[in-house]
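Beneath this line is the structure, given in structure tokens, with notes to follow.
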């Protein structure tokens, strides 16, 4: 029985993998079976085709079972609702009222009622009929088709209300709420209808429905619907930040903004920092945004007031503390390096036992290591090093459990690789200390590795500077992206050609060609050849095997000409991609660093930013005042442009009238008319003059920019928001 267990587990794993791979095929088969069952059943087919005559006959047929279901566990009422057959649905409800509350029984549509289908199809009349006959407005569909998954093209939640809100039917939303639909209902992920609206691609309808649903959120509950979190602890506002939904974020910020005053082009506004400010919050909005897997989330950092809040925190507290921390770390590494350079060594007592043995000094024992005055000074540095390593671990380990190992080490913006490096460094320092205390030889191994890792961690502090911050991200992406892929290819090539070289020289005298005398040496020599560190290690004073020339020529072409240049091209492409996002990435680094410092620093060294509303009668909330400089209204500029155009027409007409024949003027004078020359409103300069030509270019450029920038729906302000 025990021998069969591994095979059973393997079979389950294979079945799960095959089922996951063939999900689409499985769904296709279900739908084909559904159509087949509908065609074979007279009741289901009549419901599909809206055949009232057949339905009336079946209604009076004693053998007809209105509870019969199709391949997916759907009833005839489900079929009628699916094909928008109102008459058939009403007849079925009259013949079998219990069908109104029946739900689908089979995956992937478990729990789906006819009301769900009618709402999705926006059949208002059918929705009214179902609600009038007792359909539950809070019915829940729990099948896999209603989950947020890569297999599903849409995610509308599990309740009819969320369906109606996502399809944008305001009338159905009002109907459902009037018939008792719970606007606070949550699906299996804990998402309310507001969460689900944030996830919709049609952001205009989502914002409109968001406002409509909030208007029904009464004061019966202590917590607003907007503050209800899902299973991940995300409110709709935080979810908008994680998803990078800038439209919804701006919409919600407009609801929180309070305009203080306007003075010409200047406007002063107060922004509510609830859920935005990371001060004192366990699940920080800023940290969620920078750690999001979606690139669109970084655009949230450009929005007001997030941009201003981060800039305030970074310039006032973050940058000075970060620079101070970097200086302390460099001093710490200098101390550690000095202790390693002057580590306790003594001359070796034993004689050499092998001709290749080149060791002349060895490590002192613990009793001999701390005797002289210089040893005691070194001991102080070693204590500083060990205490620093312990502090590093105490600061890093709690964050691993708080954030999660995969996210903490995997997010580049959060400094993931540097966390691995610094934790490994601290562990190696403690290992070196343990080896020193126990008189175990070989401390040079962890000590040398710790030196390399410790100094590499200095690059982490480059993120405090705009010029160097993206540079570190570029190095990380090249190492963990391009270099890892290249190393796999390089390993395969080296393994193959090293084996070939070893076989070719297996019958030759190793004294004349020792680079391939044994297999490990052949592997290392091939690695050096691959990186062009050495030339072809051949002794041309003796006859070489013919296959060596062929193999070496092939290796040189593949390794040097092809693969190394391919690697350079890959790194160039990575450099170009990172360069396109350098400012965005650096800003995300600054936000992540600011949040990290704010969480670590004592409260008396990092006070809360913003304005407390309690002091000004604004409640127990914090605000940030932002002044906006409004751009000139393009419509006002357009008036001046039109004035320029009209003045030009007057000039042209005037010059044309001056060029008319003199007979016209004499005829006019003969009639006794007196023509008075009035000065034009604009400057009367020649069209061919340089000044007028420059004025013309300036005016046309202004017109061109206005034509590109004008929009009939735009207003005067800097921040324009409309639906």
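Along the chain as shown, the residues are counted starting at 1.
Glycine is treated like the rest: Cβ placed from N, Cα and C.
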Swiss-Prot annotation (region 'Involved in Ca(2+)-dependent inactivation') - matching range among 600-630, 693-723: 693-723
657, 682, 691 - the residue Swiss-Prot records as phosphoserine: 682
Of the residues 304, 678, the one that Swiss-Prot lists under phosphothreonine: 678
Matching range for Swiss-Prot feature annotation, region 'Involved in Ca(2+)-dependent inactivation', among 639-642, 643-646, 647-650, 683-686: 643-646
Recorded membrane side (Swiss-Prot) equal for residue 353 and residue 594: no
Residue distribution over DSSP helix, strand and coil in the topological domain 'Cytoplasmic' (436-441): 2 helix, 0 strand, 4 coil
Contact between the transmembrane segment (379-401) and the transmembrane segment (442-462) (3 or more Cβ pairs under 8 Å, separation 6+): no
Residues of the parent chain within Cβ reach of the topological domain 'Cytoplasmic' (436-441), under 8 Å, 6 or more residues beyond its termini: 362-363, 365-366, 369
Distant-in-sequence neighbours of the transmembrane segment (321-341), which means Cβ under 8 A and at least six residues beyond its ends: 378, 381-382, 384-385, 388, 429, 447, 450-451, 454-455, 457-458, 461, 464, 593, 597, 601, 605-606
Long-range environment of the transmembrane segment (486-506) - Cβ separation under 8 angstroms, sequence gap at least 6: 513, 516-519, 522-523, 525-527, 530, 545, 547-548, 551, 555, 558-559, 563, 566-567, 570
